Structures are given as structure tokens and as C-alpha cells.
């Protein structure tokens, strides 16, 4: 998702935004950044949720205060409450990360990993900013903007009994859904170009080249690990490249199931009919990102009239 180091002064500059789906997510993030209400960011692993949360903090009025990112899955059950709210044992006091981040922002990465009992205490904190340290009856207050992330839509986790319904309703006010990489095809080429530039500079090699087949493969691949997987795959390929030219074989990825051709599918079909089938699939994919026929024609390097006729021929965009 990023092609450069994060710049707190310009927090959203590191995002590659060409697809309509990602444009919507980033624009919502820019608007929601200015509010103090809890923010929920949902998206698959590797899609950039934590980076988006960080950008929201540095775009907000809290930008000069602390930003604390907490991996909820990494909090031991027996210590999670004291890590969040602090602890008092005799004369010894330890503050939690909410108190430490007072007037700043706390990112709870993987909110569903918290126990249901701790979710109840978090709900109370979200309601009025109050909490009690473990081992103490005195109430404390902290002014913190809370951002939560989840790989799975929270409403599904509510149905599974993993997330409290009341917490979900408290969080489901400002929500950003980060699209999976396979749903942002228009971003794959600029992401790949940016990553290759960044990686080649780190490895101190010339930026590798690639052809159209390589790019089409990137766009066809499922990318279960999303942007993070794309980056790691290109890093590995650049580390092993021999002649400064990347090929499909350089990626060392399993062939996408959708790319496997079965002869039975095309029994009694002519070559023109088979080509037409794949042409229609390509147009459907690109039309989702370029609903303007003029922009689609420009992207595919053909005339506006040719694209309009093809869309009409295949019944796309009716």
C-alpha cells in the first residue's frame, strides 16, 4: 500500500490510490480522522489497516500526542487488563496504555482477540473514558481516541459469539472497509512499480523490468496476503533475478485456479469463441475499475468506439 516511508507531516501520501474502491476507503479515512469517535477499520490480513489507522492519527488534531499500537492477540490473558488499564499493588502503581496515551490515539489491532469480559470493560471506557486499575477501586479518566481493526467483519463475529453485540454497536459508527488487493486491480501496476523501485534501492540493484504477461499474472493472482504478500513476493523475486528482467517464473507462485484452462470448458468451441470468452472476462474486470468508457479505452489502448462496441457486444455495463 505504501511505496515510501511514512511521513507524519503528509500521512496519506504513501497510499497508492487509483482504484475506485481504495479511493473511497482513503477519502473516508481522511474525513473520519478529524473526529474523536471510535473508528473501526475492517479488511483482510495484509491490506494496510494499521497503516491507515496511523495515517488517521497524524491527520487528526491529536497528531502531536502519542500513537500507541497494541496487538490484541499478543496480550496474555492474565495481563491484558493491567496492560490496558494499569495496576496498583500496595504502594506500587503501573499505568496502562490508555493512560499513557492520554490525549492521543490507541490502535487496538485485532479487537476480536480480547476476551468478552475485557470487551465489557473496554465498552465502559469508550462510553465515558473511565476505568479502574487492577487492584484499585478509584476511578481514573483518560481522553483517548480509539481505533480498532478486524480481519473479519465484526457483525459476523458477533453472530459467532466472539464479539459482544453492545461493543459492536458502539464501534459501528465510523467504519472503513479496506478492499482486498484482488478487488483493486487498477492499483496493482503502480504498487508493483513503486515496490520495485523501493526494493531495488534497498538491494542496490537496477530496477528490474517486466512485460505485459508478468503484469497480467500479478493482476490475475488471488493475493490472499494482499499488499504485504505482493511486496514480499516482489522482494524475493528481485533478490534472485539474474538478468534484471522479471518473468512469471521469477515469482515462484502457484498458478491461480482461475487461470487453469480445462479443455472440457471449450468443447466444440472455435478459437474466436474462446478468445471472446476471455476478452469478455478481461473487460468485466477492467470495467469495474474504469466505468467511464473513455477512461477504459485509454487504459486498454484502444478507441472509445471500439470499447463501446465491445461492451455492448458482451452486455457489460447495461
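Each residue, glycine too, has its Cβ placed from N, Cα and C.
Straight from Swiss-Prot, the features:
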type: DNA_BIND; residues: 292-312; note: DNA-binding region
type: BINDING; residues: 43-50, 101-110; note: ATP binding site
type: DOMAIN; residues: 15-239; note: domain 'Sigma-54 factor interaction'
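The binding-site residues 102, 105 differ in how many other CB atoms lie within 10 Å of their CB, and the one with the most is 105. Secondary structure of the DNA-binding region (292-312), assigned with DSSP and counted as helix (H, G, I), strand (E, B) and coil, comes to 17 helix, 0 strand, 4 coil. In the three-state DSSP reading, residue 49 (ATP binding site) counts as helix. Here the Cβ of residue 49 (ATP binding site) has 25 other Cβ atoms within 10 Å, regardless of which shown protein chain they belong to. If you draw a 10 Å sphere around the CB of residue 46 (ATP binding site), it holds 20 other CB atoms from the protein chains shown. With a 10 A radius on its CB, residue 43 (ATP binding site) counts 21 other CB atoms from all the protein chains.
According to DSSP, residue 43 (ATP binding site) sits in a coil region rather than a helix or strand.
Taking the domain 'Sigma-54 factor interaction' (15-239) as a whole, pLDDT averages 93 in the prediction.
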